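S.K.: Attaching a single structure in structure tokens format; questions to follow.
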Amino acid sequence: MFWSTSVLLLGLAHFALSNPLVSKRWDDFEVKHAWAEVPRGWELHGPAPSDYTFDMRIGLKQDKFDELVTALYEVSDPAHERYGQHLSKEQVATLVAPHPDSVNLVETWLLAHGLDTTSSSRSPAGDFITLRVSVAQAEKMLGTKYQTFRHGKSDDYVIRTMNYSLPSILHEHVAVVAPTTYFGTMKSMKATSFIQEGAPVIENDADFAHLLKGPGSLATPPSSCNTVITPSCLRTLYNTVNYTPKATSKNSIGIAGYLDEFANHADLQTFFNRFRTDVVAQNFTTVRVNNGGDDQSDPGVEANLDIQYTEGITAPTPNVYYSTGGSPPFDPDSNTPTNTNEPYLDWLNFILNQTSIPQTFTTSYGDDEQTVPFDYATTVCNLFAQLGARGSSILFSSGDSGVGGGNCLSNDGKNTKHFLPNFPASCPFVTTVGGTIHVSPEVAVSFSGGGFSNYFARPSFQNTAVSTFLTKLGNTNAGLFNTTGRAYPDVAAQGQGFQVVIGGRVSSVGGTSASSPTFAGVIALLNDFRLSEGKAPLGFLNPLIYSTGVTGFNDITSGNNPGCGTNGFTAGTGWDPVTGLGTPDFLKLQSLIG
């Protein structure tokens with residue numbers, strides 16, 4: 001059998017190369033994506049070694065993706081008869097599987113370049129093909145030239161190309177090829193958190209926490225929460241303090257970690273002993289994805305922030321920290337084969353391959369949308385739709401640069417000034433969380449990322465809320481943003497002054513990285529409530545929160561998110577691109593979803 005398979009492959013490859021009708025169409029290139037200039041922050045180091053090998057990932061067009069989106073909206077819409085009837089892994093795979101014609105054509109193309117498709121790995125639905133290629137092979141396949149680039153701030157080296165093409169006949173069959181023009185790496189990605197040097201810290205909140213033990217708990221947090229945030233502040237502010245999880249055998253929350261950020265078990269116990277003494281026996285599970293690490297001697301600010309506050313709100317709900325690895329250090333003068341995969345795809349493909357997945361996820365990383373190639377962003381965004389269809393709520397921080405940091409110039413060679421939306425915050429299939437500060441009342445924090453996507457159209461569930469905002473906005477900031485784009489954030493939560501234990505010591509941490517796990521914690525409790533009542537989890541949140549769920553939020557009506565030399569947008573009554581629909585009130589939301 002081995003010999004007959006090899007002979008067959010050789011025969012097909014010889015036919016594909018020698019037949020003039022077949023070979024001609026592989027040379028008929030059409031550009032898939034190209035940069036006008038080297039992405040900011042990167043510099044050309046030199047040509048890529050032709051015999052350097054890497055894993056090429058080919059994403060095939062998903063044959064029935066429109067049907068998947070229809071199903072996603074139906075099972076997420078509380079007014080629809082299918083509400084809560086989430087899809088299984090197998091049902092999703094059926095909808096995202098490529099058409100047989102796409103598979104056959106792509107395999108013929110690979111054979112024409114002498115690649116053994118039997119040695120490739122496939123995603124469960126067959127929509128991703130991964131195989132090892134050399135730089136020389138990739139350049140011939142994609143009509144391009146690979147080079148080595150260096151990221152100045154992280155000193156990370158990558159093999160990438162400024163453009164890539166596909167044979168014209170493949171364009172309607174292939175969604176993305178990676179790595180090509182997406183320069184994002186684990187090291188160059190931005191975590192949306194930062195240590196607040198000089199900000200007040202406290203060693204414990206015993207004076208406040210003891211008041212939260214019984215039915216007479218405080219209805220509002222004390223004034224100290226205006227500058228110092230602890231689980232007690234959040235549980236009081238968002239009305240979760242009297243809820244005890246009941247469905248811990250069914251419900252869980254997942255935290256996506258990147259950048260060699262490791263959540264520390266000892267720091268979590270210290271955190272509990274200081275800020276949540278009633279759950280000191282709780283812990284979390286670490287799942288390592290793509291050779292992700294778990295170095296307990298090197299606690300990460302982002303990782304500890306995430307796990308301490310999801311645990312601080314949801315305990316004893318099981319928490320799972322996903323440590324996603326990236327490229328090992330690349331030596332630009334070595335031909336050693338290495339993994340050059342980019343962020344998101346590894347984690348998403350791993351999660352989608354699991355039969356059972358958490359009902360809530362939070363992620364606190366992102367990039368400027370314009371630095372992510374459209375084909376790559378679309379592919380990643382569509383993968384989030386698959387997670388939502390399966391019944392998971394996906395939360396992302398909105399970013400910490402307001403409407404954009406720096407000079408806010410376009411990277412299309414025209415250097416046009418415009419606001420810079422964040423991705424994946426701008427993906428319409430995730431729920432994006434902005435930031436607030438103070439507690440009486442809450443106001444928008446100035447760094448809260450928000451705006452309008454240049455890649456993704458505004459989804460229908462946002463139409464009323466966003467149109468109302470735009471009407472009130474008038475001509476303010478006219479021409480600086482895409483009025484028809486997906487608008488974000490969707491919601492908000494506290495984003496500054498979080499007391500985080502790092503290496504045994506308490507530090508003050510801020511950023512929408514704090515807002516996303518906080519909001520996710522509230523959603524995890526709502527999912528616990530529904531599961532304990534024998535109901536399905538909430539799944540994709542946006543159709544709910546923009547309709548019947550809107551009254552479950554505290555509307556934030558002051559503050560703004562400056563950037564790009566402007567005052568940005570201003571929070572006001574109703575939805576706004578600073579705090580979305582507002583911050584959660586667990587008890588109100590619980591009554592709305594019961």
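Each Cβ is built from the backbone N, Cα and C atoms, and glycine gets one as well.
According to TrEMBL, the protein carries these features:
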SIGNAL    1-18  signal peptide
DOMAIN    228-594  domain 'Peptidase S53'
ACT_SITE  Glu302  active site, charge relay system
ACT_SITE  Asp306  active site, charge relay system
ACT_SITE  Ser513  active site, charge relay system
BINDING   Asp555, Ile556, Gly574, Asp576  Ca(2+) binding site
S.K.: Cβ within 8 Å of the Ca(2+) site's Cβ centroid: which residues qualify beyond Asp555, Ile556, Gly574, Asp576?
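M.R.: Checked against the 8 Å cutoff, the neighbours are Thr557, Ala571, Gly572, Thr573, Trp575, Thr579, Gly580, Leu581, Gly582.
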S.K.: So for Asp576 (Ca(2+) binding site), how many other CB atoms are inside 10 Å of its CB?
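M.R.: There are 31 such Cβ atoms around Asp576 (Ca(2+) binding site).
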S.K.: Could you check which of these recorded positions, Glu302, Asp306, Ile556, Asp576, sit within 10 Å of Ser513 (active site, charge relay system), going Cα to Cα?
M.R.: Glu302, Asp306
S.K.: Taking just the CA atoms, what is the gap between Ile556 (Ca(2+) binding site) and Asp306 (active site, charge relay system) in Å?
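M.R.: Rounded to a whole number, the Cα-Cα distance is 24 Å.
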